[in-house]
């Protein structure tokens, strides 16, 4: 017999609300010492033995019999074949989603700029793409073609010359729709490897796997730990925590809609977090009833139940101002403003990965096909970080081109500051370029 469902209820008027909220939001990665050491050993092996180590780990962890790295490379023709092996509806959905993602990210492209000062000195900024990006994609039946689109398309829009995808194929299991997504997104090379060994291969390069400049994409605790260790050798997107959603509702949305929106994140895994905030206590009761009634109808009911009971909450607030204060404190990955006039709320929202405005804007639309990226900051990091975008695959270089007059004027200032820091060579380097009065 299934136990009665119970989700945490909080009230922002409670004197201990802050402490209870902190407890609700607390989450620590489970990367313990044993995981950390295993990852370090794998990275060291890949650095020293290259392809041989990658093949060995792939055989051991993925149950895949490969004689050499040649068996772990998928040519472009294989990606094109995948397009013919998925349904017409799947291909059309991928193409629609890809076009919307591409169109949105085209608007994020940053351009170079410069300006000229009165003395002829030119200052500016040059924007250039990364040479090569690595994309990690989880493998097996539970893999996510939408993640391929969201990670690869911004890189190609940015002008990255080569996108290298790694995707494990446990026991040889290949997900055709993931390969089809890679084809549509413009992925250049695919290796059927995964885990920490794939991250290490991308970061340091092997005889077959080219070294990349940045690694993006989700993965398990071994992948996340490996990304943390190779950061600095390469760039990474983020160390993502569990998925999360915060719904703020005025009490006028269908409670079944809200319940299903909460489920949409809770079904990811047991650590996912789904929270509803509303000033209407009776509405919170109705949503709780909807959750209890709809939960048994869900395919992933036990995962949803564990997530909601362990990390979910229904929070009552006094008004819009308090709701926004709670939202900013949580800084959620996904924020739904399921209210009558979401535009009036927007100026008060400072911290959120993505903001879904109005009753009709389900978070699931953003996950797949709205256009904005679904790779978002989690665990409160929206306080200081942003969604993945084109700018993550571009670099900026400062441009300084001094005229003789400009170098002379700046040289005097630089000399004073350099000598104040006792850096004589700096000072003299600037002073050599100072014009004497008859030259000026």
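Using N, Cα and C of the backbone, Cβ positions are placed for all residues, glycine too.
Keep in mind the model is a prediction, meaning the values are calculated, not measured.
Annotation comment: Swiss-Prot describes 136, 197, 220 as NAD(+) binding site. In the three-state DSSP assignment, the secondary structure recorded for residue 197 (NAD(+) binding site) is helix.
Taken from Swiss-Prot, the feature substrate binding site covers 243, 265, 268, 334, 367, 421, 426. Under the DSSP three-state reduction, residue 265 (substrate binding site) is assigned to helix.
Residues or ranges marked as Zn(2+) binding site by Swiss-Prot: 265, 268, 367, 426. Sequence-distant contacts of residue 426 (substrate binding site), defined as residues of its own chain at least six apart whose C-beta falls under 8 angstroms from its C-beta, comprise 414, 418.
DSSP gives residue 333 (active site, proton acceptor) a coil state; it is part of no helix or strand. The Cβ of residue 333 (active site, proton acceptor) lies under 8 Å from the Cβ of 243, 244, 245, 352, 353, 354, 376, 377, 378, 382, each of which sits 6+ residues away along the same chain. Feature annotation from Swiss-Prot assigns active site, proton acceptor to 333 (among others); the stated evidence is sequence analysis.
What Swiss-Prot lists as active site, proton acceptor is 334 (among others), and the listing cites sequence analysis.
Using a 10 Å radius centred on the Cβ of residue 334 (substrate binding site) and all shown protein chains, the other Cβ atoms total 26. Taken over all pairs of the listed substrate-binding residues (243, 265, 268, 334, 367, 421, 426), the Cα spread reaches a maximum of 56 Å, rounded to the nearest whole number.
Spanning the residues 136, 197, 220 that the record associates with binding NAD(+), the maximal Cα-Cα distance equals 13 Å.
Secondary structure at residue 136 (NAD(+) binding site), as computed by DSSP, is strand. Non-local contacts of residue 367 (substrate binding site) by the CB criterion (under 8 A, 6+ apart in sequence, same chain) comprise 146, 264, 374.
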